[in-house]
Amino acid sequence: MVQKKPINRSLRGRFITFEGGEGAGKSTQIRLLAKRLEKARLRTLVTREPGGSPGAEAIRSALLAGIGKLIGGADAEALLFAAARDDHVRTLIEPALARGEWVLCDRFYDSTRAYQGKLGAVSLDLLNALQQVTIGDMKPDLTVILDIPVEIGLARAAVRRGSETPDRFESEAIDFHRGLREVFRQIAAQEPERCVLIDANAEPEEVADRIWQAVRLRLLEPARAGAKSA
């Protein structure tokens, strides 16, 4: 891993991340937002974490299979997530932003803060050090946090999964998922300039409209105003 330089915030490309518990509907909402952005003639890239690039996808498979628990627990998982993020940011996200694309990412460092930090008991010093090495001062332009009651989210995830075995995180006890929801709500409250908390316990189209309003007010309209004044 190498030290990252800050992303040039004046680029037309924007970085939007989606966070939330299991079954919150992140994948669906990313797809719907991508369609709207493309309709607005904005080049869009959809990706995910862990994963998104070939190296990160290989690490994803190991993580979801539970390798972190086998080789050292939460600290080991945090290191693996950092390695995946380093590859993902360096080979996919940064080049896309440099091309002026809008990048929509299913999970980013807030998930590490929630899963491995608050709930996995990884020290804040370690997480901050890993974040500085992997992304430096880079931050999403907007983080959409989808909030849904835990029982409803897990039921949705079970329907989506079908007969497949629950992954490493889906199989955690319900108290884990309740704690996860609370951590994401805390992040939204602590960083309102970056985060928007969206009630995801509604029809997908209604949730998509709420997200679009946030994107329009926070990113699209300021960008257009800046272009006119330039």
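Backbone N, Cα and C define each Cβ position, glycine as well.
The model shown is predicted, which means the values in this text are computed figures rather than measured ones.
Quick look at what Swiss-Prot lists:
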- GLY20, GLY21, GLU22, GLY23, ALA24, GLY25, LYS26, SER27: ATP binding site (BINDING)
What number of additional C-beta atoms lies within 10 angstroms of the C-beta atom of SER27 (ATP binding site)?
13
To see if you understand the setup: which same-chain residues, six or more apart in sequence, place their Cβ under 8 Å from that of LYS26 (ATP binding site)?
PHE18, GLU19, GLY20, ASP106, ARG107, LEU146
An 8 Å radius from the center of the GLY20, GLY21, GLU22, GLY23, ALA24, GLY25, LYS26, SER27 Cβ atoms defines the neighbourhood of the ATP site; name the other residues of that chain inside it, in order.
LEU146, ILE148, GLY153, ARG156, ALA157, ALA200
